Amino acid sequence: MFKSGFVAILGRPNVGKSTFLNHVMGQKIAIMSDKAQTTRNKIMGIYTTETEQIVFIDTPGIHKPKTALGDFMVESAYSTLREVETVLFMVPADEKRGKGDDMIIERLKAAKIPVILVINKIDKVHPDQLLAQIDDFRSQMEFKEVVPISALEGNNVPTLIKLLTDNLEEGFQYFPEDQITDHPERFLVSEMIREKVLHLTQQEVPHSVAVVVESMKRDEETDKVHIRATIMVERDSQKGIIIGKQGAMLKKIGKMARRDIELMLGDKVYLETWVKVKKNWRDKKLDLADFGYNEKEY
């Protein structure tokens, strides 16, 4: 008997949702950084064994939106509640429950689907603090289970996976066993470039960046995958920061991104990056759609 099911990973920004998904999948399919709102699109991670398939849906961190892009991200996250049988509500062990958590809890109560509370980053707290955190969240709503984990170190992750597989119902294998995500390579390439911008820049720059892969094809002469990508920003000052003195920052972004892209593709890569200004793109629906943030996603 084959079992399958869809599981959403929900929570505030920076609680470790993407770190968890990458750990489960055994490779990077969702980019990570210490900046809030790193994940902007829903990303499927397809976990398949001989007897079961769990389709995880990593979602953007739920926050109070200030732009049309923010609206898109929050609606995209909540839309998964219509697509799944179980929700992993992830919270950090080293932070107290806040208004953002309470807002999510109200939506989860209304959704009326099983919710597992996943308390991440247990490596950062004393066990007594963890018990207080569990009691506090349990006072707010009824959870199917509570599972403390460290996504970074992998502590207790197998326990969570076993809990999910034990509760799967008989179903189809929705995706081939060798498919690990629903997104095409172009999307993953653009995300890997954006991740390097997030790591290397500060303040408003990371939130103002989108990456569009203009072309991606193999050059038969050099046997390399030739990629042309444009980094979009909202202001000339941001363009200057990303290019850097004599192009040094852009070169660094390209070099770091190329390494990750080569690992993913298993091929040598020639990466060309450009920077363009598109004023206030985060508040323009047409620009959002052009850059891959399309309302059709929810």
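Yeah, the Cβs are placed from backbone N, Cα and C, and that goes for glycine too.
Taken from Swiss-Prot as is:
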- 11-18, 58-62, 120-123: GTP binding site (BINDING)
- 3-170: domain 'Era-type G' (DOMAIN)
- 201-279: domain 'KH type-2' (DOMAIN)
- 11-18: region 'G1' (REGION)
- 37-41: region 'G2' (REGION)
- 58-61: region 'G3' (REGION)
- 120-123: region 'G4' (REGION)
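Location within the structure of each feature annotated in Swiss-Prot.
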residue : record           : Cβ neighbours (10 Å)
GLY11   : GTP binding site : 24
ASN14   : GTP binding site : 20
LYS17   : GTP binding site : 31
THR59   : GTP binding site : 26
ILE62   : GTP binding site : 22
ILE122  : GTP binding site : 22
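Within the chain carrying the region 'G2' (37-41), a Cβ under 8 angstroms from the stretch's Cβ atoms is held by residues 13-14, 17-18, 30-31, 58-61, 63, 69-70, 72-73, 76, 183, 187, 195, 198, 207, 292-293, 297, all 6 or more beyond its ends.
Applying DSSP to the region 'G2' (37-41) sorts its residues as follows: 0 helix, 0 strand, 5 coil.
Here the region 'G3' (58-61) is broken down by DSSP into helix, strand and coil counts: 0 helix, 1 strand, 3 coil. The secondary structure of ASN14 (GTP binding site), as reduced to three states from DSSP, is coil rather than helix or strand.
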